[in-house]
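K.L.:
Structure below; questions to follow.
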Amino acid sequence: MICFLFSLLFACVLYSQSLSVGRLTALRMLTYKKIEEEIIDDREKGLAMNLLRMSERRLGEIDQRLLEFYKDNDLLWWRRLDEELPAVSKKNRNKKKIVVNALRLGTVQLLFFDEEVIPQRVAIHETVEITKRMAGLTAGRIVNGVLRNLQRSSSPYNNISSRINCSPWFEEQTPNKILDRYLNHHAIYRNETPGLDLTFVNSEAAHQQIKLWTNKNATILPLQCNSVRNWGIYNLFASSNDENRLFWAQDAAATVAVSAFPKNLLPKNASILDACAAPGGKTLGLAWSHQFQKILAIDADSTRLTTLRTNLETVALPSQVIINTLVSDALELTNHSLFDAVLLDVPCSSSGTARRQPEVLRKMNFGNLLERQFQLLHACLEYLKPGGILVYSTCSIFPQENHMQINRYLNQNPQHARRLPFSIPPNGFQHASLTQHGDWQILPWHLAEYDEDQPSRFDCDAHYVARLQKL
């Protein structure tokens, strides 16, 4: 093991002047992953990651991106790549392991990196030369032949499915009518980073700052709240005073839960429980909605609640709103008065966030999420005054976490609560986001100004919202 590490470091130094350190390290990492055996030892992974950190100091920007790609994709991804691509066919799997991994290395560069980022001739040449040095001339010739055949393919992208990043379990949970479109939408972020959405307070100073930033090519989002999408043009956070910031980071779809509370059914100066509040984006939205005078924000995780408190301290707040915070599991909240409203943004699979968190596509099960969601829903309805409103939300596309949880509760407790269906979609979103149950199920292509030709300009995470009234 130690000999391997020293040999790898030596190789990085030896080849750094003539060959890509990133490609060499990636090939070593692939070989180290033991894909065929479907195992990876924790100690081996630790050594590989240490090597990665040491190597990064020697890498240019392109090599860093390449190496991150190989590091971030897990064993399931590589096995599915083998299934999808002729470049790593069964006849090649009988070759020396270094050859198979070299084919994976080259194939990914040809299919997942634009010509402007990694020219195909460079990808092939570097991969072949590294293979020759590590496994000999014959191995290099095999790799060269396979990769050049792939390069000459008229439509190489037709050889690969958008499902390559997705676990079979994820496919099974996702409604068939949206699965392919959802995965195809995620695929646009193979070489693109989503913009950062910012929600602004409702003040004249904030409106002036929005105008300033949009002049620098940030995009105003068509939402009821003041939201802007930043494309990394410059550091927005560095341009704002830490003590009195006028915005917070929050995906466009996540803003709609706050707007779900019906003003005509809530008293003036209402009280609300934000039951799973951290990191605090929705808490800030509640404060600036001007519907609630008293907010109790709780979270079971003390570290996450510290983040929430930091956000409350740094973002400007309306003077008339009182916000208290508490480390508490919503299932165990005691010594409190009943609330006029509850916002229950439950822990979930995060299956709707693949554009920003592609690792969610590889999840293999719900764990205890479904039962915890149901327990939280049951408990939080008990914290309401009669006639009080509960808004239930997730960032999931799975029915089991969304309307099926609401239906399950109502079927078991028909005398306790009723669904308050929405009659229109959220402001700024298409009518398609309104479900047959009268809930909101926002998908990445549901913003009103979504453009198929520029999908990343006005897209968003998925988000589900339902509301109940206690009887």
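Each residue, glycine too, has its Cβ placed from N, Cα and C.
Below are the features listed in TrEMBL for this protein:
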type	residues	note
ACT_SITE	Cys395	active site, nucleophile
BINDING	Cys276, Ala277, Ala278, Pro279, Gly280, Gly281, Lys282, Asp299, Asp345	S-adenosyl-L-methionine binding site
DOMAIN	171-471	domain 'SAM-dependent MTase RsmB/NOP-type'
SIGNAL	1-18	signal peptide
K.L.:
Specify all same-chain residues, apart from the site residues Cys276, Ala277, Ala278, Pro279, Gly280, Gly281, Lys282, Asp299, Asp345, whose Cβ lies within 8 angstroms of the center of the Cβ atoms of the S-adenosyl-L-methionine site, ordered by sequence.
P.N.:
Asp274, Thr283, Ala297, Arg304, Leu308
K.L.:
According to DSSP, does Asp345 (S-adenosyl-L-methionine binding site) fall in a helix, a strand, or coil?
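P.N.:
Reduced to three states, the DSSP call for Asp345 (S-adenosyl-L-methionine binding site) is strand.
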K.L.:
In Å, rounded, how far does the Cα of Ala278 (S-adenosyl-L-methionine binding site) sit from the Cα of the residue listed as 'active site, nucleophile'?
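P.N.:
Cα to Cα, Ala278 (S-adenosyl-L-methionine binding site) and the residue listed as 'active site, nucleophile' are separated by 14 Å.
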K.L.:
Cα-Cα separation of Gly280 (S-adenosyl-L-methionine binding site) and Cys395 (active site, nucleophile), in Å?
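P.N.:
Pair distance, Cα basis, whole Å: 15 Å.
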K.L.:
Between 0 and 100, where does the mean pLDDT of the domain 'SAM-dependent MTase RsmB/NOP-type' (171-471) sit?
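P.N.:
Computed over the domain 'SAM-dependent MTase RsmB/NOP-type' (171-471), the mean pLDDT is 91 on the 0 to 100 scale.
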K.L.:
Enumerate same-chain residues with a sequence separation of six or more from Cys276 (S-adenosyl-L-methionine binding site) and a Cβ-Cβ distance below 8 A; give 'none' if the list is empty.
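P.N.:
In sequence order, the residues whose Cβ lies under 8 Å from that of Cys276 (S-adenosyl-L-methionine binding site) (at least 6 apart) are Ile298, Asp299, Ala300, Ala330, Leu344, Asp345, Val346, Pro347, Leu376.
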K.L.:
Rounded to the nearest angstrom, how far is the Cα of Cys395 (active site, nucleophile) from the Cα of Lys282 (S-adenosyl-L-methionine binding site)?
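P.N.:
Checking the Cα atoms of Lys282 (S-adenosyl-L-methionine binding site) and Cys395 (active site, nucleophile) gives a distance of 13 Å.
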K.L.:
Could you tell me the maximum Cα-Cα distance in Å between the residues recorded as binding S-adenosyl-L-methionine, namely Cys276, Ala277, Ala278, Pro279, Gly280, Gly281, Lys282, Asp299, Asp345, rounded to a whole number?
P.N.:
13
K.L.:
Counting only residues 6+ apart in the same chain, whose Cβ is under 8 Å from the Cβ of Cys395 (active site, nucleophile)?
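P.N.:
Within the chain, Cys395 (active site, nucleophile) has Cβ neighbours under 8 Å at Asp251, Ala253, Ala254, Cys348, Ser350, Ser351, Gly352, Thr353, Asp461, Ala462, His463, Tyr464.
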